[in-house]
Amino acid sequence: MSEWVEQRLQSLAKAFDQSYCGAIEAVVDLICQRFQAGNKLLICGNGGSAADAQHLAAEFVGRFHFNRQALPAIALTANSSILTSVSNDYTYDIVFSRQVEALGQPGDILWGLSTSGKSTNVLHALKCAKDKGLHTIGMAGNNGGLFQEFADYPLFVADKNTPCIQEVHLMTYHHICEQVESRLFAQKSVGIKV
C-alpha cells in the first residue's frame, strides 16, 4: 500500500510542474478580477467532471474555509430538466452551449472540464463562450486534447491516466477556491502556496 501511495504522490508532483502552477495563478487572477467586476462563473463537464463542476460551484457559492459573501458560480450540469429537454429536443452535443447562450454575458467565465479534452458538448460550450465574449478556462488531461483551440486559460495535465488527471484537477480547483476566497475577502490562506 505504501509503495502505491508513494508512486501516486510522485505522479501528482510531476503533474504540478512550473508552467502548470503558473497557469493556476493566472486563473486565480482572472476569477478574482471577474468576480470583482460583477461577472459570474459557469462550469461544465461530463461524468466525474460533471460532479467536479457541481463541487466547484458549491465551493464558490457556499464557502471554502470561512464564512463570507456568496460568489456567483453555476454548474451547468445540475439542472436535469434543461439537460434532458435539450438532449431530447436537439442533441446532447449542445446541452452546455445552449445554457451558455442563455446565461453567459461578455466578461463572464466558462470553465470546461474533461479528463480527455475531447468532450464534444464541452467543446461546443467553449466555442459558444468565446463567440459571446466570455473568458474560457479549459481543464483537461492529455495535454489539453481538442481544448487547446478554445481555452484562453489552459489547465492541461500532461498525463493520460484518468485517475491521476482527476486527482490533479481536484487539487487544482481546491487551491483556486482557497486563493480566490483569501484574496477577495482578505483572509489569511491556510493552504500551501504554489
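The backbone N, Cα and C atoms fix where each Cβ goes, and this holds for glycine too.
Some features that Swiss-Prot has for this protein:
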DOMAIN    31-186  domain 'SIS'
BINDING   Asn46, Gly47, Gly48, Glu59, Asn88, Asp89, Ser114, Thr115, Ser116, Ser119, Gln166  substrate binding site
BINDING   His55, Glu59, Gln166, His174  Zn(2+) binding site
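Shown on the structure are the features that Swiss-Prot records.
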| residue | record | Cβ neighbours (10 Å) |
| --- | --- | --- |
| Asn46 | substrate binding site | 20 |
| Gly48 | substrate binding site | 17 |
| His55 | Zn(2+) binding site | 15 |
| Glu59 | Zn(2+) binding site | 20 |
| Asn88 | substrate binding site | 9 |
| Ser114 | substrate binding site | 29 |
| Ser116 | substrate binding site | 18 |
| Gln166 | substrate binding site | 19 |
| His174 | Zn(2+) binding site | 15 |
When distances run from the Cα of Asn46 (substrate binding site) to each of the binding-site residues His55, Glu59, His174, the nearest one: His55
Nearest of the binding-site residues (His55, Glu59, His174) to Asn88 (substrate binding site) - Cα to Cα: His55
Cα distance (Å, whole number) from His174 (Zn(2+) binding site) to Gln166 (substrate binding site): 12
Separation of alpha carbons, His55 (Zn(2+) binding site) and Ser114 (substrate binding site) (Å): 15
Rounded distance in angstrom between the Cα atoms of Ser116 (substrate binding site) and His55 (Zn(2+) binding site): 19
Gly48 (substrate binding site) versus His174 (Zn(2+) binding site) - Cα distance in angstrom: 16
For Asn88 (substrate binding site), the three-state class that DSSP assigns: helix
Whole-number Å value of the largest CA-CA distance among Asn46, Gly47, Gly48, Glu59, Asn88, Asp89, Ser114, Thr115, Ser116, Ser119, Gln166, listed as substrate-binding: 32
Inter-residue Cα distance where the pair is Gly48 (substrate binding site) and Glu59 (Zn(2+) binding site), in Å: 16
